[in-house]
Each structure stands twice: as structure tokens, then as C-alpha cells.
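Engineer: My structure is below; once you've seen it, I'll send some questions.
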């Protein structure tokens, strides 16, 4: 893999703003603080859906109000632009397109081939990679395709343990990747909360895995891709970087790229990348045939063409200079929020963050993560309860909560707002401990007021 490149935008860059990079039509984006919001659907939203299925239309509008009126702090969520939403619902939905461009099993693919080639070219430009496959339906199938490309059932594979911040598909026992393959897991150091690279090396030398995954779902610190690459070379393993959470940060230069160091990059296309619910696999040219064969026909049938189109839009947005501003602001917000939480006595795994994510251990607050998360939800603060390393509690009732800054950054909030957010979290956790519903209601009113002043991109009023 050749390393990240700086693509030349196909059209003039969209203006900076809280959802910068979303104005991707030939017409210039409207001036103002929320260009994506200005491009959203008119007030009479979803007229066809409302006429055809009023019940579902009402549910969609209810979800829009929920997303618009609450502070979304789940690090795997984000707001996509109106352009991405529109691309997700075009007549490309009508097509079936087994195979790859120029090699389909159906006729009538002239336009679909161009759409997929456009998405592939943009992925390669944004991430500086030799090859890209944009067909995986989501992150889990993408990861499974990697195993199918490089391992056989019963082979040893290696990844971060789920309770330590890894993902189910990194060989964890309850996943197909841990039942079809022999999964071995590494973790983080107790004293620092950082990936234990000594353990990674010792385990890799002992177990000789065919595939090593680095990356995860609850890792607040920078991943040392070069160190993993050295271990993979020493043991002869294929190294895969799962950057589903940090892909937008990598694209925007706010996190080091794995591309120069690894064999394969796996990523979802939502989260920090602000695209649709899809996935991509990127790799060195030498692995292109194996990856493509594993995706189709090895694992999937026809791709979801409407999603491919929306991925192409998101990648064009990610190529704009203003997206780089967004990515760096996500990290600045997360660091400011972590500092504000530390000042209020919260225990943060690893002591802070280098990316978009903060993992809070609530053991010292005497409030389980699940109870805190549900209380915060009633306060208009949407988080998820999460295990913390060496958690004594069960996964469905863990000690921690996981928060992130991608969504709030897309709404235009900056580091100057993070003291307020930290105060809400502090008061919310205290209210959860005390069972104080009045305090939660007061926070919810304050949250709603701030959200009203920072509209959610892509959501009609």
C-alpha cells in the first residue's frame, strides 16, 4: 500500500462549517453556519412516504425529532449530509449487480459500473491505497471476508479481546470469527490502559496466527501501526487494521494512517467518515484478487448500489479541505471534553484520549454504566454503557460508559462547549446515583436549548 495521498478535489471545496464538505453539488453551497442543514428537505418532509405509509412516516419523523433534540455522544454515530441521504434513496435501489464493474452477471450495468468505479477511485485517493473494494455490506462482513481471504477454518487468528476494547469480529468466541477460526486475544496494560505490545509480540510468536487485527471499538489512544507491522513481519502474519471508528480522522489527517504499514485496511463508512451504513476493504495490490474473491463470490451476492453511491458522495466530501478541519476539531473536542471530565474527578481509561472517543470508568462513582447510561438518556445525553478493561461486572451490566465527539462536532459545537457537556455528564451521573429525575429533566431542557441553536445537518426542520 502506497500511503496517504492528498487528492485534488473534482470541484471547488465546500465552505468550512460544522458539517463542512457536505455541499457537493455543482451549485455553490449556501452561506451561513449550517450549509448541510440549508440543503435539507423542505418542511413537508417525506411526502411520498407519508402518503404511502403514514405509520412509518410518523416513526421516521419521531426519530428525526429525537436525533435533532438530543446530544448524541455515542462515538460510532454521526450525522450524514443531505446529499448522502439523498444518494441512499435513489433509483439505484432498483438494480441488481452481481460481480464487479465490467464483469457483471447481469446486463444493463452501464451506469452502475460508473458509480462503483467512482467510489473506488475516491477511496483510493482519500486513503492513498492501491486497491479498494466498496461492496461489503457492513463492517462485520468486511472483517469476515478478510479471514476468508487469508485463513481456513481452524487456523489461528489474533485480535484485541472484546472486554479490552476490541470487536466481536476480531476472533471473539461468540462471533463466527471465533468459532470458525481459533481466536487468541491480547489486551491492554493495567497500569496505563494502553495496548500491551509486549503481550502482542509474545502471543504472536507463540501462536503464529495467520491474521492479526489491530484496532477496536473502545480504544481512546493512537494505534501504533508501525509496531504491529514489525510484529506481523516477525511472525509471518497478515496484518489488518480495523479503522472503522477512526476512518474519518485518518482521511482528515487527524490520526496516523495505517496504509504504509499494513496489508489490509477494513473500515465502515459511517462513524467519523460521515457516510452511509456500509464498509470498505483496502489493500496492497498483491492482495486485491484475494480480497475481491472473498467478498464476491465468497461471502456476498450483489452489492447495494444505493449504498455504493452514498459512499462515493461521502468520500468526495472527505476529500474537501474543510473535512480536514472537521476531523481535527473532532479530536480537539474530545481532548477538551476529557480534560473537563478529569477536572471533575472522572476516571478515564488511559487517562484521556488521542482521538474521538472517551471511555469512562464509573466504579468510583458507585453507579453502574447501564444505570448511568439510561439516566443520561432521560437527560437528553445519548451514550452507551460499555465494559472497561479488567471490568469485574458482566458485559450487559458493565462499569463504564463510552462517549465520543463526532456528532456534536458535526452540529458545530467546539471546545468552548465541552465544559458545558462535561457539567451535564457530571450532574447526570450524580442524578443517576441519587435517583433524581427532576435534575435529569433540568439537564434535558438545557440540552434541548443548545441543540435548537445548533441544528442537526441533514435533518429537516
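Start at 1 and count along the chain as shown; that gives each residue its number.
The backbone N, Cα and C atoms fix where each Cβ goes, and this holds for glycine too.
Since this is a predicted model, take the numbers as computed values, not measurements.
So TrEMBL has the following annotated:
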{"type": "REGION", "residues": "1-46", "note": "region 'Disordered'"}
{"type": "COMPBIAS", "residues": "1-12", "note": "compositional bias 'Pro residues'"}
{"type": "COMPBIAS", "residues": "13-46", "note": "compositional bias 'Low complexity'"}
{"type": "DOMAIN", "residues": "50-424", "note": "domain 'Serine hydroxymethyltransferase-like'"}
{"type": "BINDING", "residues": "162, 166, 167, 168, 285", "note": "(6S)-5,6,7,8-tetrahydrofolate binding site"}
{"type": "SITE", "residues": "270", "note": "site 'Plays an important role in substrate specificity'"}
{"type": "MOD_RES", "residues": "271", "note": "N6-(pyridoxal phosphate)lysine"}
Engineer: Could you state the whole-number distance in Å separating the C-alpha atoms of residue 168 ((6S)-5,6,7,8-tetrahydrofolate binding site) and residue 270 (site 'Plays an important role in substrate specificity')?
Structural biologist: 18
Engineer: Looking only at the domain 'Serine hydroxymethyltransferase-like' (50-424), what is the mean pLDDT?
Structural biologist: 97
Engineer: Could you find out if DSSP has residue 271 (N6-(pyridoxal phosphate)lysine) as helix, strand or coil?
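Structural biologist: In the DSSP reduction, residue 271 (N6-(pyridoxal phosphate)lysine) maps to helix.
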Engineer: So if I draw a 10 Å sphere around the Cβ of residue 270 (site 'Plays an important role in substrate specificity'), how many other Cβ atoms end up inside it?
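Structural biologist: Residue 270 (site 'Plays an important role in substrate specificity') is surrounded by 26 other Cβ atoms within 10 Å.
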Engineer: Measuring Cα to Cα, how far is residue 285 ((6S)-5,6,7,8-tetrahydrofolate binding site) from residue 271 (N6-(pyridoxal phosphate)lysine) in Å?
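Structural biologist: Here the two Cα atoms lie 27 Å apart.
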Engineer: Could you state the whole-number distance in Å separating the C-alpha atoms of residue 166 ((6S)-5,6,7,8-tetrahydrofolate binding site) and the residue listed as 'N6-(pyridoxal phosphate)lysine'?
Structural biologist: 16
Engineer: Give the maximum pairwise CA distance in Å, whole number, for the residues 162, 166, 167, 168, 285 listed as binding (6S)-5,6,7,8-tetrahydrofolate.
Structural biologist: 31
Engineer: Any idea what the Cα distance is from residue 167 ((6S)-5,6,7,8-tetrahydrofolate binding site) over to residue 270 (site 'Plays an important role in substrate specificity'), rounded to a whole Å?
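Structural biologist: Between the alpha carbons of residue 167 ((6S)-5,6,7,8-tetrahydrofolate binding site) and residue 270 (site 'Plays an important role in substrate specificity') there are 16 Å.
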Engineer: How far is it from residue 162 ((6S)-5,6,7,8-tetrahydrofolate binding site) to residue 270 (site 'Plays an important role in substrate specificity'), counting Cα to Cα, in Å?
Structural biologist: 21
Engineer: Among 167, 271, the recorded positions in question, whose Cβ has the most other Cβ atoms within 10 Å in this structure?
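Structural biologist: Answer by Cβ density within 10 Å: 271.
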Engineer: For the binding-site residues listed here (162, 168), which one has the lowest count of neighbouring CB atoms within 10 Å of its own CB?
Structural biologist: 168
